[in-house]
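Below is one structure, written out as structure tokens; the observations come after it.
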Amino acid sequence: MWVKLSMEPNLTLYTDQPDLSECFQLSVLSWIPCIYLWLTFPFYGLYLKRNNKGYIMMSILNRVKTIFGFILWIVCWTDLFSAFHEMQHSSGPKPPIYFVTPLMVGMTMLLATFLIQLERLRGVQSSGVLFIFWALSVLCAIVPFRSKILQASAKEEIADKLRFTTFYIYFGLILAQLILSCFSEKPPLFSDVVTDPNPCPESSAGFLSTMTFWWFTSMAIQGYKAPLESKDLWSLNKRDRSDIIVPQLLKEWEVENARVQSQQDKQTQAMYSKVPLGTSNNHVGGGGGGGGGGGGGSPEEVEVLLSKRKVSQQPSFLRSLIKAFGPYFLIGSAYKLLQDLITFVNPQLLSLLITFIKNKDVPSWWGFALAFLMFGCAILQTIILHQHFQYCFVTGMRLRTAIIGAIYRKALVITNEAKRSSTVGEVVNLMSVDAQRFMDLTTFLNMLWSAPLQIVLALFFLWQNLGASVLAGVAVMVLLIPFNAVIAMKTREFQVEQMQYKDARIKLMSEILNGIKVLKLYAWENSFQDKVLEIRQKELNVLRKTSYLSALSVMAWTSAPFMVALTTFAVYVTVDKNNILDAQKAFVSLALFNILRFPLNMLPQVISSIVEASVSLKRIQAFLSHDELDPEAVDRKHSSSEYAVTVINGTFSWAKQGSAALHNINVMVPQGSLLAVVGHVGCGKSSLVSALLGEMEKLEGQISVKGSVAYAPQQAWIQNATLRDNILFGRPYVEQKYRCILEACALVTDLEVLPGGDQTEIGEKGINLSGGQRQRVSLARALYSDADVYLLDDPLSAVDAHVAKHIFDHVIGPDGALRGKTRILVTHGISFLPQVDNILVMVDGRVSEMGSYQDLLKQNGAFAEFLRNYSLEDIIEDEDITMEMIEEEDESFPDDALSNHTDMVDNEPVVNETRRQFIRQISIMSGDGDNPRTKSIRKRRCSELKHGEPMTGDKKEPKADKLIQAETAETGKVKLKVYWEYVKAVGPLLALFICFLYGCQSASAIGANIWLTQWTNDAKLNQSAMHVHKRLGVYAALGMTQGFMVMLSTLILSLCKIKAARKLHLALLENKFHTPQAFYDTTPLGRIINRFSKDIYVIDEALPSTILMFLGTLFSSMSVMIVIIFSTPIFAVVIVPLAVIYFFVQRFYVATSRQLKRLESVSRSPIYSHFSETITGTSVIRAYGRNSAFVLLSDTKVDENQKSYYPGIVANRWLGVRIEFIGNCIVLFAALFAVIAKDTLTDSLVGLSVSYALQVTMSLNWMVRMTSDLESNIVAVERVKEYSETQTEAPWEVEDKKPPSNWPPQGNVEFREYSVRYREGLDLVLRNLTLQVKGGEKIGIVGRTGAGKSSMTLCLFRLLEAAAGEITIDNLKIAEIGLHDLRSKLTIIPQEPVLFSGSLRMNLDPFEKYSDEDLWRALELSHLKKFVSNQSSKLDLECSEGGENLSVGQRQLVCLARALLRKTRILILDEATAAIDLETDDLIQSTIRTQFEDCTVFTIAHRLNTIMDYSRVLVLDKGQIAEFDTPTNLIAQRGIFYGMAKDAGLV
């Protein structure tokens, strides 16, 4: 019986009608599925027991499956009983196989039925195990299905009718089961899917759908129809969410810390049983503190031993990661292993196929079987590979989520010492860069073992094929590795250098754009344009070097497989005369070499990314091991005493090992009292507040705080949220309470000014609020929190005196909203001290005295001295000047004067100086309240108003909203025009030439391979020995040509890209310098800077490399098609349908993936900005106990980001499976057509076409990716182009209208019927001005805000072009000459002094027109000589960005020096409002009177006293001349001017 089991070759192999013996069919074929199911059952059962997803209701589908299962069991046992029946009735015994098989199959069917029900109870919606079982059963039943029909047709009648019938019933049922198992069940009861509005279909997808990623198709179609938006994205799977993943990692990290701690304790007990140790209170790892002496060992020894031990044991973050995410990742690795093994099946099949073509007398079904086997293998490989990628990417995604979550949670609890050791930027980098590195690494990590495995396997098969000559090829590969490594090293160096130039260029650009108005006024554009171009040139030079290197590496990468093949074949043929290169050897080796290429290239990459990730790992580990704040430092439970806050013998320091900042503090604050903390700058007032919050290290003593705490820090911390959210800070909104608080904190008027009231979005760090507004919002937040104890750290310093008084009276003081609460107020406001209950005086970190105001005055100690120091404040309080200030909406107190106690080094005289300045400023304020605090942000918001819009409320609103137009983002397909723009920049002929070179390169590659087919044909004709050298020579030559062509095309492409980059950047830069000022008023600078940084970077680097890859893959895909069509022309028929499918998949993918990328990058930045915001506000968040709320917020942001990242990964998998399916079809058809036409084909041609087809999947896949990248990158060209074509201002120089060099000789200025508006469609700012000014006159221009004063000066410079009328200077119409000719003959001292980073000399004289003597003289006249000559670098003194290292007054004087250097006939002075103190102002005025005696001077005056002695005064009102006469006459007329003078106290 068992002898018959083996195949009978004559029956099976060598007939045209192959069949297997009945015995084999009954035994092996029937048993395969059964064995599979029984083997997997124990593991699967265990898995189901552990993973219970809930209970699924019995459905029709489930019932049908179960019934079919029972019927199958009955059918099998019918066979069994019939066998018994026959045995009884017939004479001889039946072979045992007839009993064993039905019994076994029947039992298996029962098991399958049981599994169907078990899965239902465990909530499995679609079963992979059973699907594979049914598929195996059907496959194994196909053979008997065919042979039973063959036998029946041969014998006329059916011998065994019963078995014949039962078999076909059985076959029908298992086929039905297979089809049914493709469908998936309903989701389990009460699962997330039911409740979720937009669940991810993955969780309920069937087994087949999961394997082929079919469930993603709905999103691909949706994304193709219309651009995806964030509402279309599916919810994140529960298992990928932060709230599941982060705790997983943190739990492992805690375990790891505990393990290390216990090991350390054991060691400690063993090593220092004698030595008592000081313990450490850091409960997250990081060894104990210093030990005490005593016992046997001396303290020094203990220290040394301790430090050694500290190094030896650190909790390993890597171990926690592996424990948390390893198991899931291993599933992916298992898939990878399978895939690696299957990869090597196809070359073996190819070898069989070539053998089959050689032997003409073999039955042709062999060939078909081989073709389908190849196809099956390829499909299997595709599915397994993409499952592996899916597991890896999901692991990467989880790693990122977990690391970000862990870092965020840690950042909320680290000590101040730890926080200082790394900047906010560095910590944000941990999140963005380092977490990203881990994510990128997981995708390749398996290559670490898979690459060596693939290499070993490939070499093994090659050795079998070609023997020892393989080693020659391997040697070439090994030699290429260091070559590539060196190139990579050099490239990295160049990249660093290029980044430096790029940063320098962006920094310069941002300064230029910030000061563009000044550049225009001074006509300095050319000088700065040259500076930018100089940096750009250096940048391009480095880029050129990089591109030479990349050309080399591309050449190495393309010609590597060829070089390897060449050396191997050459050695093989020349070593031994008997070695003949036939088709089988050549093409199978080529297929194997192609497999080798990938792991060899990946290995160095993987190793370098592992090195990078290990650096990241160390950084993250170090951060997570930082000390944490001790939550028990402040006792909050202590409730017995009547004191709300007690500190007993407290000594505190900022760092554990640091010196104490506060010594021996004893404070008791009775409940409901108000305690003021006073003292000089840096005496420890803020530190005391921090100690009460538990932010400092408690060295000794105890603190208790009774009840909840509210905290207003010295520098208000404002979130990027609406104003209302900032105040509510997570508490429910109560209208009544909220309104009262706004009233008390004096925020009502501010809300009226803000565009959206309390729903206004506040920018990061509260950027669109002034300092005082921020402070008041912070106070309102404290007030709203309704706590028991209020810690207010100098909240009154940043607000005006009258606002401070209001807040003290309504909020903090004895009758304020907080009466009855315990309040600790740090303050400098002496006027409030009489009203507080107790005063605590701090001196050098100690409490010097404490008591009521009266007591302390009597003691005449530190407090009395403090009062004398600050007595100036009282002057402010007494005078009624403060009333004037109430009219202004904003703070006129310099923001930084007193709020920077943090620098701890200030000394009091400085403060006094500030006070004096402050008083002086207030007294100078004239009626025209343009404030010092109108800094740039408000300037943007008010620019519409400042431009003299009539101040009518209803018109103001819509205009202000539309000031900054939304940026248009192109959606959908990119227009062909954009590609053409880039081709034009490259040069159309060159572009054609590059394509031609790519064509040549493909041609030479095809040529080499066709030559190889000819060569292998020699083997058949037995002429191989004769031609060896000729064959080798030509093969080598063709291959070398290919390498050379690659290098040439890459080189030319890189040179072209540099040319294009230079052109596009130059066009953008020139246009931006020629753009009129109005454009800059309505476009956010970030948008323009973005064009110069991000988009230019894409054009420089990303776009060319994408084009390179795109062309490469395009031509290689084309050459595959050409070769296959060349060998089997019928293949052309299949190409069309495949191309159509390809095109559709590609369009769907590109549309969806592009939008997903956009959504992902949009949702990524909130994570980081929220994080950096949190870090700066940790103390506030902790004080209010909002830790968990913020953690939740961060998690939500991360999940929001992963929501768009996850479909992005799946989109790539979806694409991969579909594109590779097309590639596999190409393999199938290439093989099929070869089999069909086997009589006309040579084996070498078949080898050629099939080995080419095996490569095609890779290049097809990459081609789609590259198309997608190309589309997203080419957009940069479009964006740069858009900003290179904005409308430009008038030409800088008009050749035939050049004014004479001494123009203007007198300086007469005349306006005739002059009108002007800011931009098209806006109202006129100046209407019909007509006036004449004689040369040498001094004209003062006054008027309320928005009367058009500044506009007049802008008109002289033609920053605004006339709407009607004209201006003439010395009878020359200014509208007719070039802008530079005009502007270089006028001088302005602008209101806001702008300096550029660079030397002082450059700031005074960018064109280097003047000698050093001239410069020194100008400096002397502008009273800067002393300051400059005291600097070591004199005129080359470096000014930092925006002139930050000079005071505002000095900057103003630099502008004066500029004016003195130019010394033109007409001077315009836009008087600085409050930036300067009186002295500087007097200096400027007197210098102007003496130096510009004979010039025409226009002064826009804010302080009337400066223009009382001018020749005439022009009063503007609503853009028209209201009065124009000498000051004395105007005062006599008692008009507008008189009113203004009266307000200023001059009359």
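For all residues, glycine too, the Cβ spot is worked out from N, Cα and C.
The shown structure was predicted, so the numbers you read here are calculated from the model rather than taken from an experiment.
Per TrEMBL, the feature compositional bias 'Gly residues' maps to 284-298.
Per TrEMBL, the feature domain 'ABC transmembrane type-1' maps to 330-612 (among others).
Residues annotated as domain 'ABC transmembrane type-1' in TrEMBL: 992-1272 (among others).
Taken from TrEMBL, the feature region 'Disordered' covers 280-299.
For 28-47 (among others), the entry in TrEMBL reads transmembrane segment.
Long-range Cβ contacts of the transmembrane segment (67-85) within its own chain (Cβ-Cβ under 8 Å, at least 6 residues beyond either end) map to 94, 98-99, 101-103, 105-106, 109-110, 112-113, 116, 162-163, 166, 169-170, 173-174, 176-177, 180. The annotation transmembrane segment is assigned in TrEMBL to 67-85 (among others).
As annotated by TrEMBL, transmembrane segment applies to 97-116 (among others).
According to TrEMBL, the transmembrane segment annotation covers 365-385 (among others).
What TrEMBL records for 444-463 (among others) is transmembrane segment. Within the chain, the transmembrane segment (444-463) has long-range Cβ neighbours (under 8 A, six or more residues past its boundaries) at 329, 332-333, 336-337, 340-341, 343-344, 347-348, 388, 392, 470, 473-474, 568, 588-589, 592-593, 595-596, 598-600, 602-603, 605-606, 609-610.
According to TrEMBL, the transmembrane segment annotation covers 469-489 (among others).
The annotation transmembrane segment is assigned in TrEMBL to 548-575 (among others). Note on the transmembrane segment (548-575): residues 462, 466-467, 469-470, 472-477, 480, 483-484, 487-488, 490-491, 494, 581, 585-586, 589-590, 593-594, 596-597, 600-601, 1005, 1008, 1024, 1028, 1032, 1035-1036, 1039-1040, 1042-1043, 1046-1047, 1050-1051, 1054, 1105, 1108, 1112 of its chain, located 6 or more positions outside it, place their CB under 8 angstroms from a CB of the stretch.
If you look up TrEMBL, you'll see 989-1012 (among others) marked as transmembrane segment.
If one looks beyond the transmembrane segment (1032-1056) by at least 6 residues along the same chain, the residues whose Cβ comes under 8 Å of a Cβ in the stretch are 544, 547-548, 550-552, 554-555, 558-559, 562-563, 566, 569-570, 573, 986-987, 990-991, 993-994, 997-998, 1000-1001, 1004-1005, 1007-1008, 1011-1012, 1015, 1104, 1107-1108, 1111. Taken from TrEMBL, the feature transmembrane segment covers 1032-1056 (among others).
Summarising the annotation, TrEMBL assigns transmembrane segment to 1096-1115 (among others).
Among the features that TrEMBL reports, transmembrane segment is placed at 1121-1145 (among others).
The transmembrane segment feature in TrEMBL is assigned to 1221-1238 (among others).
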Same-chain residue ranges lying at least 6 outside the transmembrane segment (28-47) that approach it to Cβ under 8 Å: 5, 20, 101, 104-105, 107-108, 111-112, 115, 118, 129, 132-133, 136-137, 140-141, 143-144
Sequence-remote partners of the transmembrane segment (989-1012) [C-beta within less than 8 Å, at least six residues beyond its ends]: 562, 586, 590, 983, 1031, 1034-1035, 1038-1039, 1041-1042, 1045-1046, 1048-1049, 1052-1053, 1056, 1111-1112, 1115-1116, 1118-1119, 1122-1123, 1126, 1244, 1248, 1252
Sequence-remote partners of the transmembrane segment (365-385) [C-beta within less than 8 Å, at least six residues beyond its ends]: 16, 18, 211-212, 335-336, 338-339, 342-343, 345-346, 349-350, 352-353, 356-357, 1216-1217, 1220-1221, 1223-1225, 1227-1228, 1231-1232, 1234-1235, 1238, 1250, 1257
Contacting positions for the transmembrane segment (1221-1238) when only residues 6+ beyond its ends and CB under 8 Å are counted: 353, 356-357, 360, 364, 367-368, 370-372, 374-375, 378-379, 382, 1120, 1124, 1127-1128, 1130-1131, 1134, 1138, 1141-1142, 1145, 1246, 1249-1250, 1252-1254, 1256-1258, 1260-1261
Residue numbers, six or more beyond the limits of the transmembrane segment (97-116), whose CB comes under 8 Å of its CB atoms: 1, 23, 26-27, 30-31, 33-34, 37-38, 41, 44, 62, 65-66, 69-70, 72-73, 76-77, 79-80, 83-84, 127, 129-130, 133
